[in-house]
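Novice: Please read through the structure below; I'll follow up with questions.
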Amino acid sequence: MNQLKIAVAGASGRMGHMLIETILEAQDATLTGALDIAASPAVGSDAAAFLGKPAGVLIESDFAKGLANSEFLIDFTRPEGTLQHLEYCAAHNIKMIIGTTGFDAAGKAAIAAAAEKTAIMFAPNMSVGVNVTMKLLEMAAKNFSEGYDIEIIEAHHRHKVDAPSGTAIKMGEVIAGALGKELNDVAVWAREGVTGARDPSSIGFATVRGGDIIGDHTVLFAGIGERIEISHKSSSRVSYAHGSLRAARFLADKKTGLYDMQDVLGLR
């Protein structure tokens, strides 16, 4: 069995730990590298030290050392860090699985450009459940296009730095697309003060931050006499890690190109 040679960015973080543990448990994957910022106290330590069973892979801040033996980099960090990793990976033919959120238009354009040089999986959420939910939302939006108000409510832990979440924005894009609209034309990102009556064509967003919430997303279709709620709630980051490995398997035979989890799951 050919082994997927995978490195993890943000190796000392919560998601980094989950990815490392999942890779070490997989039969078809090998942890071959680990990256973190130079200021991290974890640099120089074994990437699996937190498990009490060293993996023989040190956490590096130098890209050349951290990625020397890897075919894939899984990155759930921050946009500025991911874009640095992206430049290196594109230049050295290393495939990327990007779960980082919060990119601006320029960042997304850089990812698309890099995909002409290497294969990239870019998705705001790697969970299989979330991506099946996206398909359900597309179907629902087409059937609740008239007379229903659409609101997207998301909740995450206190440490999350971007809002709304990338998953919530993607849900909005899917719904808007199903209605033949652009999200930026209909989105109401926040409400405060005297806002007036609701625009029936709008898609509203509400954000909650607190505690250790992994990620909850609910889309409300509110009509007269009924309301429909489609929800996904994450209880562990392991679903993101399993989805990331599934993405790596999908990319294994790809040379270049930009993909997302809808491609992996055959939901196009």
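Cβ coordinates come from backbone N, Cα and C, glycine included.
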Novice: Hey, Swiss-Prot has NAD(+) bound by GLY10, ALA11, SER12, GLY13, ARG14, MET15, GLY99, THR100, THR101, ALA123, PRO124, ASN125, MET126. Any idea which of ASP28, ASP36 it lists too?
Specialist: ASP36
Novice: When DSSP is mapped onto helix/strand/coil, what comes out for HIS156 (active site, proton donor/acceptor)?
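Specialist: In the DSSP reduction, HIS156 (active site, proton donor/acceptor) maps to strand.
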Novice: Just give me the nearest neighbour of THR100 (NAD(+) binding site) among the recorded positions HIS156, HIS157, LYS160, GLY166, THR167, Cα to Cα.
Specialist: GLY166
Novice: Work through the binding-site residues one by one (GLY10, GLY166) and point out the residue whose CB has the fewest other CB atoms within 10 angstroms.
Specialist: GLY166
Novice: What does DSSP call GLY166 ((S)-2,3,4,5-tetrahydrodipicolinate binding site) in the simple three-state scheme?
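Specialist: SS state of GLY166 ((S)-2,3,4,5-tetrahydrodipicolinate binding site) = helix.
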Novice: From the Cα of ALA123 (NAD(+) binding site) across to the Cα of GLY166 ((S)-2,3,4,5-tetrahydrodipicolinate binding site), what is the distance in angstrom?
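Specialist: Per the Cα atoms, GLY166 ((S)-2,3,4,5-tetrahydrodipicolinate binding site) and ALA123 (NAD(+) binding site) stand 9 Å apart.
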